[in-house]
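Trainee: Here you go, one structure.
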Amino acid sequence: MKPRNLVLMAVIVTVCHCYAAADPKHHQKTYIVHMDKAVKPSVFSDHLEWYATSMRSISESTNMLYAYDKVMHGFSTRLTVEEAGLLEKQPGIISVQEEVIYELHTTRSPEFLGLERSDITLSESESGGDVIIGVMDTGVWPGSKSLDDTGFGPVPSSWKGECETGTGFTVTSCNKKLIGARYFSRAYEAAYGSIDESVESKSPMDDDGHGTHTATTAAGSAVTGASLFGFAKGKARGMAPRARLAVYKACWLGGCFGSDILAAMEKAITDGVHVLSLSIGGSLADYPNDVVAYGAFKAVSHGIFISCSAGNGGPTPFSLSNVAPWIATVGAGTLDRDFPAYVTLGNGKKLSGVSLYSGKPLSGSMIPLVFAGNMSNKTTGNLCVPGSLPHGRVTGKIVMCERGLNSRVQKGMVVKAAGGAGMILANTDSFGEELVADTHLIPSTAIGQRAGDEIKSYIVSDHNPTATITSGGTKLGIQPSPVVAAFSSRGPNPLTPEILKPDFIAPGVNILAGWTNKIGPTGLTEDPRRAEFNIVSGTSMSCPHISGLAALLKQAHPEWSPAAIKSALMTTAYSTYKNGEGLQDVSTGRPSTPFDHGAGHVDPVSALDPGLVYDTSADDYLSFLCALNYSSTAVKMFAGGRSTCTEGKKYRVEDLNYPSFSVPLMTASGVGGGSNVSNTIKYTRILTNVGPPETYKVSIWSGTRAVKIKVEPEELTFVEKNEKKVYTVTFTASSMDSGTTSFGRLVWSGGKHVVSSPIAFSWNATINKEDKSIKGGIQYSLTTYQIHVKESICFQRRGEGPYARKEDQNSLRFSLVSRYLFVILCKEFPLAIPRMILCPPKGLVSVMLLSLVTKSSGKKGSTPTGSTLGSQLEMTEGSNEDFVHIRPCFKTSNQRSTSWTNGPYEY
């Protein structure tokens, strides 16, 4: 059965990490089987024979989907739950994991990043000619001008890949620029049946546009006069325009399946890529249960730089994806370019928004203006969802719709179908002032929440409200820039709080890059337009910026490891503007923090010559995994079957040689001795000299009087290249209220180079599982609800609010007591639960809702005594869809209601 209504939209596309729906045929699912290759019985001639025999001993009817040797030792196959359990008990089996499904999370960027400077070390003619960037995504449109290979030399001799053929894709689709293309669909087809080639191409062909956009962002050849229907006109080029591209299509209309992802990463390693870009992700999963994490580990072990999108779950805290320390986790910032579109009201007021509408403009005269919620008798009428606007009531009028539930461009289609002349798309409280430009098919503009409230007040107060919409074209020089995009996922790191994530931000808002000819720029099937370039937003777009920049650094410094490249980008990133003010967070209008921007916004010119780097090896990462107290079985998955955690040895997460510092402090007020308690933590770091001889002196800023920092030694002298020096940092912190955060910086300054590292402090409440209380006066309770699920569909949220994740086959819950689902209670008590996805099986399901009850602290902003956060769970069955609607409701002024939906809807 094909999945219904699933559209891969890059603009604020949230990522999904959910368990594949069961195939009705024998209730089989796809499992990834990790084998211990070291214990292969001698009777088998090779590991493939051993794998096949192990599989056949459980089920004669199943076939191997993929065999893996580089990203892991093992295979993937279709099994029933019972068969999977039997297989896991066999000798030599490390683990049998149910496959998960991931989903996708892009002219001015090179100039904005300083890559057009005349004094840059790498000229366009020589930058990246032998470096190969692999892009794992939805494929590629081979006819893109951004893939022109004019001036390219022979394909590098190190390349071992191929140009696979299929629907619409021939050997000649590749060239000296696009040197390889493959596709991986076995797991996807095993779950949903054979690909319908009238809908999507069984080949590396890109039917979605996302893959072409990310690939050409990373390494598109220079194209003069590029634009989207006249917007952003100029010279379009990727970050590393002379780098080679290899495309691995593992994402389809039904998502990106774990077995296919691993197969793509396996081929990327053996083919010989130097950089691998993955603009995909999922909700929280332990490192051993995250195929991207352990696939990336093996790639990094082979010297491949891995960049992944941080996710589009911001500005909610703990919303990050891809947080493994060996991955470069990329958040999104803005450019200094915008696409203004103005609303002029009948009272003369002019309000600014954004739009990429390029069709026939409105006449300029005033047109009747209505609010969609007043035109419909449906509860979702204000959202302009399909069927909500009765035909005739809005004919010839400008309709104001509110953002949420369905995609922004679809709202315009709803207004157009109902006879509307134009649309004003207003943000609600959930989206604030964040503006994203879209290629609407009707005169439209998107406005912020404040402007939306003003227009609604005007509609109510005026007996004959009118308006008109005009375009402002393309505007450059927008300040301040960059700012952190509201949708960009935020820290703290919900999986390993000692590792600061995201690592950095890069351009990810309104990015112009290549597009496919298979679908219009909106991604809607009703859109007849075709474009060579498209303007898209998301961390999917910031990720390939880093991939391309990594290729530039790899070309300049081929001896650098993936960790050294990431370190150079992190320690040279900037977190303030030239006037000294901090990078702004568009969601708050206030300075952003390292939990928002990581080390800061990348500066590739400075990264070419960082002076010092924090280098890290695969063995260092294995020690990090040992420090997390994973089982020997779990660590073996990363170590290729060998045992690495030495019994009796003390491993510390704090000693991973990371270029930033995150210091979680479990000394919240009310713990032990109260405010008199202090906590001392020591971190160890190693710096490697990649520059000339130089003496560096340290300067530190803690950002709070509650923390004292001591660095030993305070001066480091490097004489030789590749010389290493060790230093320690001791943090002594006094107690603070639970949820308090503070941010500082540690900087090594030499005569020429400055090596800068952000520091993030967070004071967290500790949890007492026995009496269901959080030390510090917070109590919680879990209430169980029973719901009936008609059909096994994944529910996912677009935007803000909490999620729930599948904990096992029969229960879902919001949980405080899990290591990975924890809550930080700030002084104003905002509730933050990491992003999760509901994937319930059919039948009766238990849902456990977490409620927090707080005792009044008597401080400003505290919740009144006895009030409850997250106290309701409203459940209704959809009238037209076979899914259950779940609505968590919050009961404080600081909280925003959110809702769960299925399918491609944005919220």
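Every residue gets a Cβ built from N, Cα and C, even glycine.
TrEMBL labels come from automatic prediction, so no person has curated them.
Annotations for this protein, taken from TrEMBL, read as follows:
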| type | residues | note |
| --- | --- | --- |
| ACT_SITE | Asp137 | active site, charge relay system |
| ACT_SITE | His210 | active site, charge relay system |
| ACT_SITE | Ser540 | active site, charge relay system |
| DOMAIN | 30-105 | domain 'Inhibitor I9' |
| DOMAIN | 129-581 | domain 'Peptidase S8/S53' |
| DOMAIN | 384-455 | domain 'PA' |
| DOMAIN | 655-760 | domain 'Subtilisin-like protease fibronectin type-III' |
| SIGNAL | 1-21 | signal peptide |
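What does the local environment look like for each feature on the list?
Mentor: Around Asp137 (active site, charge relay system), a 10 Å sphere centred on its CB holds 30 further CB atoms from the protein chains shown.
In the three-state DSSP scheme, His210 (active site, charge relay system) falls into the helix class.
Around Ser540 (active site, charge relay system), taking its Cβ as the centre, 36 other Cβ atoms fall within 10 Å, counting all chains.
Across the residues of the domain 'Inhibitor I9' (30-105), the predicted structure has a mean pLDDT of 87.
Residue counts for the domain 'Subtilisin-like protease fibronectin type-III' (655-760) under DSSP (helix as H, G, I; strand as E, B; rest coil) come to 4 helix, 64 strand, 38 coil.
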Trainee: Per DSSP, what is the residue count of the domain 'PA' (384-455) in each of helix, strand and coil?
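Mentor: Across the domain 'PA' (384-455), DSSP assigns the residues as follows: 17 helix, 16 strand, 39 coil.
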Trainee: Going by DSSP, how much of the domain 'Inhibitor I9' (30-105) is helix, how much is strand and how much is coil, in residues?
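Mentor: Per DSSP, the residues of the domain 'Inhibitor I9' (30-105) fall into 21 helix, 28 strand, 27 coil.
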Trainee: Roughly how many Å separate the Cα of His210 (active site, charge relay system) from that of Asp137 (active site, charge relay system), to the nearest whole number?
Mentor: 7
Trainee: At the Cα level, what's the spacing in Å between Ser540 (active site, charge relay system) and Asp137 (active site, charge relay system), rounded?
Mentor: 10
